[in-house]
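Listed in TrEMBL:
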BINDING   Asp46, Ser47, Asp85, Lys115  3-methyl-2-oxobutanoate binding site
BINDING   Asp46, Asp85, Glu117  Mg(2+) binding site
ACT_SITE  Glu185  active site, proton acceptor
Amino acid sequence: MRPQVTLRRLEEMKAGHEPIVMVTAYDYPTARVAERAEVDMVLVGDSGAQVVLGYDSTVAVSIDEMLVLARAVRRGVRSAFVVCDLPFGSTEVSDEQAVATAVRFVREAGADAVKLEGGGEARLSRIRAIAAAGIAVVAHVGLTPQTAVALGGMRAQGRTADSAARFAREAVAVQEAGASVLVIEAVPAEVVDVVLPALDIPVIGIGAGRADGQVLVMHDLLGITEGKTAAFVKRFAAVGDEMAGGVAAYAAEVRSGVFPGAEHGYTANEAAVAAARDALATPATD
Ligand code: KIV
């Protein structure tokens, strides 16, 4: 069996310029797929709000819903490092609230680390508090979908002087606050490249150049997500079409009477068939 991926291993991979592979998963089957593909990190992302729960945005998902997804993923992952997103509203009130939420994800779902979006003052305080509680923190800067409205929408960050400066400051600040890993979303590679030398922790990019590793949403890369996806998504398969084709073929066979065939059922001897017939013909005595 593959050895457990630990924070130490992720740091070694960074030092050895070995690209780190991270992918999202939201249930047992997708966790098994990620594990069989031998990815290094599995993220139970709050993107699950949209891709598996059908909400319009990530802000709608609750702690309890995320915990259900996280527990199912944990059951399917043996060796990859499991990170759980802390959903919107579960850390905003205070450091105490953030620590209590992080503890739930570790204790109730077996998370190896929790992920927290943003790099402003309040976020830094949350990162410090969670790290001080002994829980590994994955920070997330650049485009942060939970607060995208405040950022002007779901758009790339770091493309203007002000935005690039803010991104650079936040990336370094989350590291100083105690984050163990950093996810950078939707920031031009040239801007990320300026900041990378200042970062000792493993940096995972999504639409942010090469960094130390990459993350993509499982349903995007497999082609399950319907409609337009972000520019940084590459489709590696057409699983959604394959699934729809399979269900359509099943429906067609049920409707035409081809399915089920005799081979999809069970056999009984003549006595059993006769007994069923007699039972209908004879009034019940009890
Ligand atoms: O929720 C998520 O899937 C994420 C990744 C896009 C990094 O945060």
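A Cβ is built for glycine as well, from the same backbone N, Cα and C atoms used for every other residue.
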Using other CB atoms within 10 angstroms as the count, which residue among the recorded positions Asp46, Asp85, Glu117, Glu185 scores least?
Glu185
Considering the binding-site residues Ser47, Lys115, which residue's Cβ sits among the greatest number of other Cβ atoms within 10 Å?
Lys115
Cβ-centroid neighbours of 3-methyl-2-oxobutanoate site Asp46, Ser47, Asp85, Lys115, 8 Å, sequence order:
Thr24, Leu43, Val44, Gly45, Gly48, Thr58, Met66, Cys84, Leu86, Pro87, Glu117, His140
Report, in whole Å, the straight Cα-to-Cα distance of Glu117 (Mg(2+) binding site) from Glu185 (active site, proton acceptor).
10
Can you tell me how far the Cα of Asp46 (3-methyl-2-oxobutanoate binding site) sits from the Cα of Glu117 (Mg(2+) binding site), in Å?
11
Three states by DSSP: which one describes Asp46 (3-methyl-2-oxobutanoate binding site)?
coil
Helix, strand or coil at Lys115 (3-methyl-2-oxobutanoate binding site) [DSSP, three-state]:
strand
